[in-house]
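Colleague: Take a look at this one; I'll ask things after.
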Amino acid sequence: MNIILLGAPGSGKGTLSEFLCEKDNFTQLSTGDLFRENISNKTDLGIEAQKYMNDGNLVPDSVTNSMVENYLKTRSSELIFDGYPRTDDQAKSLDIMLKNLNNQIDKVIYLEINQDVLLGRLTGRMICKICKRSYHKINRKPLKEGICDFDGGQLITRPDDQENKIKTRLEAYHTQTAPLIEFYKSKIIKVDADKCSPEELYNRVKKVLGS
Ligand code: ADP
């Protein structure tokens, strides 16, 4: 089964992916993580993507789609798509790429969340430099300040988690990604992601997935 997690930045897609990968043997395909990896390895793709990510804008579809196409050569099932697709063009390309691999998207989980909650979540977020797990300065503190519980990696604030960049990212979500709710209407399952802990969200998702 392949699942897309659809939701605004800060709605909990990344944390939910962590749970689904650890407990249910899915593999996460996070385009944001792949871009960040390319940026730290200073690849041509990373240098190109950084121009857009730094300002909170979406990376062009052609760049993003070919990165995903390469990834899908290694694996195309039991995937959690986190942060992809984000545009109509990406959604249509993904359909074609998966079809060519005799695969498909089975379910789309839409994480519904109140806009006011998002800003607090994103400005307080910290991620592990090594494993990319996310923490929060108030709501999901690590056991030891600044250190990842899982692998001892340093926790950092993402450069695009600054208030002015968050605003641009939310705008990009509303104009370009939210219309995908309609695109996926036959596969979409809405889950209330408001005021709930990562564990609760995971339990809600498991329930709607019927597992
Ligand atoms: P968030 O969901 O919190 O915005 P991500 O790690 O998914 O975090 O994305 C961070 C940034 O990476 C985005 O703002 C965008 O610049 C880039 N990015 C990630 N996924 C895509 C995508 N599918 N298409 C275009 N740009 C993307």
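The backbone N, Cα and C atoms fix where each Cβ goes, glycine too.
Keep in mind that TrEMBL annotations are predicted by a computer and have not been checked by a curator.
Fair warning: this is a prediction, and the values are worked out from it, not measured in the lab.
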Colleague: Quick test of your reading of TrEMBL: among 30-59, 60-89, where does it put region 'NMP'?
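Modeller: Here TrEMBL associates region 'NMP' with the stretch 30-59.
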Colleague: Where GLY12 (ATP binding site) and ASN57 (AMP binding site) are concerned, what is their Cα separation in Å, rounded?
Modeller: 19
Colleague: Ligand 1: which of the binding-site residues GLY14, THR31, VAL59, TYR84, ARG86, ASP151 have a Cβ closer than 6 angstroms to it?
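Modeller: Within range of ligand 1: THR31, VAL59, TYR84, ARG86.
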Colleague: Sorry to bug you, but what's the C-alpha spacing from TYR84 (AMP binding site) to CYS128 (Zn(2+) binding site), rounded to the closest Å?
Modeller: 21
